[in-house]
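Features as listed in TrEMBL:
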type	residues	note
ACT_SITE	ASP127	active site, proton acceptor
BINDING	GLY10	diphosphate binding site
BINDING	GLU103	Mg(2+) binding site
BINDING	THR125, ILE126, ASP127, ARG162, MET169, GLY170, ARG171, GLU221, ARG266, HIS272, VAL273, GLN274, ARG275	substrate binding site
DOMAIN	2-297	domain 'Phosphofructokinase'
SITE	ASP104	site 'Important for catalytic activity and substrate specificity'
SITE	LYS124	site 'Important for catalytic activity'
Amino acid sequence: MRVGVLTGGGDCPGLNAVIRAVVRRGIKEYGYEFVGFRDGWRGPLENITVPLGVDQVRGILPRGGTILKSSRTNPFKIEGGVEKIKENLAANGIDALIAIGGEDTLGVATKLADLGVNVVGVPKTIDNDLSGTDFTFGFDTAVNIAMEAIDRLHTTAESHHRVMVVEVMGRHAGWIALHSGIAGGANVVLVPEKPFDIDAVCKYVEARFETNYSPIIVVSEGAVPVEGGDMTLQSGELDAFGHVRLGGIGDRLAKEIEDRTGKEARAVVLGHVQRGGTPTAFDRWLATRFGLQAIAAVRDGDFGTMMALRGTDIVRVPLIEGTGELKLVTPELYAEAEVFFG
Ligand code: F6P
């Protein structure tokens, strides 16, 4: 059995832990051979392969990024893309493919599975917005990085009587903002799921200044004000999956708060710092178990499935369960954070 492995979309801590687990179990327990496809779907599309054996996966468990590299290539946007992929898989003697990715990469995997490709998916994204699984790996690391930043910002904000606005990643879902905001003791958390009222935000800011402490506002990059408008800066370009590049809400919010309350405000954009570097123990554990179970699914011929965490069990669910609909922050969970606003 020859198994191809690829990592697609935005990188996240834990990708290497998945690759290592897949390869180590696949070789040791099942006697499989592996082919690494470089740069996400570009690999099988353009036949860019790298050797993938035990030697290649030694020492990579704690390393961020992905030894297979990544891209946001969408083969369904390229004429003849799917046929090219099928041809290249056949040319490399690939019997099954493990695709490690988020909504876009696994969305492609879902369609390819319907077209007869033997594919198994592993869900990753720091945004934690894939359905079907309790958590995706990478999320815990991102939350811890954001929490540490918030902890540090509290003291400098207090020294200067300033408002600090912390912009975190989260295009459609506010999971990073919610979890890091709760863990870091933020005074306001703004998420894409619930458009915010700038007047209410300013009231929270003023209320906080009546204490000895300073306000910390955690905002997802995809959060928007109720009145709409252009508070979220977007670059004109779309990626191959039709996403605009977000960014700018933190600066705009800080300026608006300063103008309205007269308090000095600063914005901190955590950006890709949340995606880089070494994974937490939880993410290494989750990624490793996803990898072990993904190669077991290949052995069982259980294609068209995605690994999912349910409680402490790793289960297999149809790929479409993970990619059909995004997992969003519910009003009930958001209300828990609201208890601490102001
Ligand atoms: O999809 C994960 C994510 O972290 C989003 O929250 C963010 O908008 C995006 O990646 C940015 O990725 P890049 O800068 O690599 O395009």
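Glycine is no exception: its Cβ is also placed from the backbone N, Cα and C atoms.
Taking the features listed in TrEMBL, we show where each one sits on the structure.
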residue: GLY10; record: diphosphate binding site; DSSP (3 states): coil
residue: GLU103; record: Mg(2+) binding site; DSSP (3 states): helix
residue: LYS124; record: site 'Important for catalytic activity'; DSSP (3 states): strand
residue: MET169; record: substrate binding site; DSSP (3 states): coil
residue: ARG266; record: substrate binding site; DSSP (3 states): strand
residue: VAL273; record: substrate binding site; DSSP (3 states): helix
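Checking the recorded positions GLY10, ASP104, LYS124 for a CB within less than 6 Å of any atom of ligand 1 leaves GLY10, listed in sequence order. Taking CA atoms as the reference points, ARG266 (substrate binding site) and ASP104 (site 'Important for catalytic activity and substrate specificity') are 34 Å apart. The two recorded residues GLY10 (diphosphate binding site) and VAL273 (substrate binding site) have their Cα atoms spaced 13 Å from each other. Within 10 Å of the C-beta of ARG171 (substrate binding site) we count 19 further C-beta atoms, all protein chains included.
Summarising the environment of LYS124 (site 'Important for catalytic activity'), the number of other Cβ atoms within 10 Å of its Cβ, over all protein chains shown, is 31. Listed in sequence order, GLY9, THR125, ASP129, LEU130, GLY322, THR323, LEU326 are the same-chain residues six or more apart from GLU103 (Mg(2+) binding site) with CB atoms under 8 A from its CB.
Note on the binding-site residues MET169, VAL273: the fewest other CB atoms within 10 A surround the CB of VAL273. Spatial neighbours are here defined as Cα atoms within 10 angstroms of one another, and by that definition the neighbours of ASP127 (active site, proton acceptor) among the recorded positions ASP104, ARG171, VAL273 are ARG171. Shown are the binding-site residues ARG266, ARG275; of these, the residue with the fewest other Cβ atoms within 10 Å is ARG266. Comparing C-alpha positions, LYS124 (site 'Important for catalytic activity') sits nearest to ARG275 among the binding-site residues MET169, ARG171, VAL273, ARG275. A C-beta separation below 8 Å, combined with a sequence spacing of at least six in one chain, links ASP104 (site 'Important for catalytic activity and substrate specificity') to GLY8, GLY9, ARG72, ASN74, PHE241.
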